[in-house]
Amino acid sequence: MFSKNLAMILSTTLMYSTPLIFTSLGGIFSENAGVVNIGLEGMMTIGAFAGAAAAVMTGNPWIAFLVAGIAGGIFALLHAIATIKFNADHVVSGIAINFLAPGFALFLCRRLFDGSTMTPPMQLTQKMPRPLNGIFAKGSFMDIVFNTYSTVYIAFALVFVTWFILYKTKLGLRIRAVGEHPKAADTLGINVYKMKYLCVILSGILAGFGGASMSLAIVSTFRPTLISGQGYIALAAVIFGKWKPQGAMLASLLFGASTGLVVFLGNPSVGFSVSENLLSMVPYLITLIVLVLFVGKGNGPAANGQIYEKGER
Amino acid sequence: MKKNKKIINDTLLYTLISIFLGLLVGAVVLAASGFSPIDGYAEMIKGIFGKPKYLAWTVVKSTPLILTGLSVAFAFRTGLFNIGAEGQFIVGALTATLVGYFVHVPAIIHIPLTLLSGCLAGAIWGGIAGILKSKFGVNEVISTIMLNWIAFYLSNYFIMMDGFKKPGTEASFNIQDTATIDIKWLKSLVGPATKVNWGIVIALILVVIISYLLYKTVLGFELRAVGFNKYAAEYAGINVNKSMVISMAIAGLLAGSAGAMHVMGVSHKITILAAQEGFGFDGIAVALIGNNTPIGAILGGFLFGALKYGGGKMQNIGAPTEVINIVIGSIIYFIAASRMVKIIIDKMRGGKADV
C-alpha cells in the first residue's frame, strides 16, 4: 500500500510540475536576455485555450500543442515589441499581457463554443498520448509513475536542452551576455535587439506549451480558472532556481509535489484530515522563506528589466 | 528622469489617446467577430448612464478600484511596485468579516472598528513585503505575489471554519447589521437591489488624506524622495529601509480598506474563492491610467468601474463581455508603450503641419 501511495504522489508531482517547468524555462530564456516577463501567466492561459480548442477541432494533440506554442508566442511578440522597441516598463507591459491574453482566450472561447467559457471535453484520442502505456504491469509502481503523458517527458528533456543551449553553445553565451551587460555585448558585435526578441518569443512559446500541458494532459478542457496563478508561480520558480534551468526544475518539482500532496491527501480514502487550504499555502511560504534565506540581493542577470537603447551612454 | 513641464502635460494627452486606442482595439475585435462596435459601445454607455440605478452601480463598482488604484499609485510614488493589493484586499475583507460577524457592539463603535481592523490587516500584509524587501532584499513583486496566494488560501481556510461558514453555502455568515455602511434611504430611491453605500465617500476622503500626506508633509516628501532616487535620499539622511516598510504598510492599508468596505457595503460576507477576484490587479491598471497620482486613481477607478459594469451590458447585442478585458489590456499596453503613442501623435501633428 505504501509503495502505491508513494507512486500516486510521485505521479501527480510529475504531472503538476510539467506546466511549471515549461513556463519557467520560458522565463529563464527571457530573463537571461534581460527582459522580465510577468506576462507568462497570460501566455500560459492563451496557450491552454488554443491547445484545447485546436485539439477539439483538429483531433490531433500534437497539432494542438504546436498551436498552443504559437498562440503564446504571438502574445510574447507583443511584449517584446513594447519592451524592446518602445522602451515600455517590463512589468507594466507584462500586466497588460495578463489582461489581454486571458481576455482574448475567453472571448474566442465564447465565440467558438456557443457562448461557453469552457471548451468541450476531449476524446481520449485528442489528449496527449502516454508513450509508455502498456509497457509495465498494470497498476504496478512503475506503471503509476512512468505511464504518464508525453508532455512530462518533453518538459524534462527541454530542461536539459535549455541548460545545454545556455551554457554550452555560442548562442547561450550571447544570450547571457545580453542579459548581463548589453552594451558590452553590443560592442562585440552581438545584435542585442535580435537576441532579446528571440528569447522573449521563445518564452511565450514555452509558456504556451506549459498552458497546453495543463489543458491537453492533466485536465482535458480549458476553463477560466485553469491557469489561475501558475504563470506567477513559474516566475517564482525562475527566481527560486536562481535563473538556471536545473534550479527552476527543482523549484517546479517542489511546487508540483505540494500539489501532489494536496491531491493525494484530498482523497477521502486516505483518511488524513489536514486542511487542503493550509496545505496549499505551503509552497508559497517555502518560496518566501527560501528567498529570505538564500536568494537575497543581486543574483539575477545584471541588466534584467532594464531598457536597452543602442548608442546611449 | 529628464521631465519638464511640457511633458507632464503631454502625459494626460498620451493617457487619453491610449484610452481611445484601447477602445479602438475593442471596436476592431467586435467588428472582426461580426458585431457592430457602435451598437456595442452604445449599449455600454446606456448601461452606465441610462438610469440612476446604473449610475449607482457604476459608483459602487468603482469604489474598491479607486482604493486599490490609490494603493498601487502610492507605492509607485515611493519607488515600490505593489502587485500585492489583491492579497491585502483579501485579508482586509476577511478581517472585516470576522470582526463584523463575531463582535457585538453598537454601530457607532462597530463600523469604525470593522473598518480599522480591515485596514490594519492590510497594513500588516503590505508591511510584511516592506520588511522582506528592506531587511532581506526580497523583491516586492515576487513577495507580494506569494503573499497574494497565502491570503487567498488563508481566507478560504477561515471560511471553512465551523461557526463562521454558513451551513449549506460556500460563504461565511453575514456580518451584523451594526457593521454595515449601506445608505438605506438612497437605496429606496435608486432601487433596493443596488448596493449604494458610504464607501465612495470614505474612499474620496482617503484620496485627500493621501494627497496631503504625499505632497504636504515631511514624511511624504521623504517617501517620494526615496521613490525618486533611493541613493540620493539615503545620502541626504533619509532612512530608506524604514521608508520602504512605511510605504508598503500604507499601501496595504489602502487596499485593506477597500476589502473591508466591500464587505461592509456590498457583499456583507466573504465567499470561498475559486480564483483571485482581481480587485488588486485592476488596481494596477487604475493606477497606471491615473499616472500614479491620487487624483488619477479617482478618474482611473471610475473609468474602470464604468468599463467593467457598463461593458457587461454588451451581452445585450450578444457580444462576449470579455471584450472589455481586451480593451483594458490594450489601454495598459499603450500606456506602457507610450513611446509608440508619442510616435503616432508626432505623425499626426506632422501631418497637420503639412496641410
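Indices start at 1 and increase along the chain as displayed.
Note that Cβ sites are derived from N, Cα and C of the backbone, with glycine treated the same way.
TrEMBL labels come from automatic prediction, so no person has curated them.
Features of the protein shown, as given by TrEMBL:
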- A:6-28: transmembrane segment (TRANSMEM)
- A:35-56: transmembrane segment (TRANSMEM)
- A:62-84: transmembrane segment (TRANSMEM)
- A:91-113: transmembrane segment (TRANSMEM)
- A:144-166: transmembrane segment (TRANSMEM)
- A:197-219: transmembrane segment (TRANSMEM)
- A:225-241: transmembrane segment (TRANSMEM)
- A:248-266: transmembrane segment (TRANSMEM)
- A:278-296: transmembrane segment (TRANSMEM)
**Asked** How about the transmembrane segment (A:6-28) and the transmembrane segment (A:278-296): do they have 3 or more C-beta pairs under 8 A, pairs 6 or more apart in sequence?
**Response** no
**the transmembrane segment (A:91-113) in contact with the transmembrane segment (A:197-219), cutoff 8 A, at least 3 CB pairs, sep 6+** = no
**Request:** For the transmembrane segment (A:62-84), name the stretch out of A:35-56, A:144-166, A:197-219, A:225-241, A:278-296 with the most CB-CB pairs under 8 Å.
**Result:** A:197-219
**Message:** Below 8 angstroms Cβ to Cβ, which residues of this chain, lying six or more residues outside the transmembrane segment (A:35-56), approach it?
**Reply:** 19, 23, 26-27, 63-65, 67-72, 74-76, 79-80, 83-84, 90-91, 93-102, 104-106, 108-109, 112-113, 119-120, 122, 126-127, 196, 199-200, 203-204, 207-212, 214-216, 220-222, 226-227, 229-232, 234-235, 304-305
**Item:** Residues from the same chain, set at least six apart from the ends of the transmembrane segment (A:144-166), whose C-beta lies under 8 A from its own
**Value:** 4, 7-8, 10-11, 14-15, 17-18, 21-22, 25, 28-29, 32, 65, 127-136, 172, 175-176, 206, 209, 212-213, 216-218, 244-246, 248-249
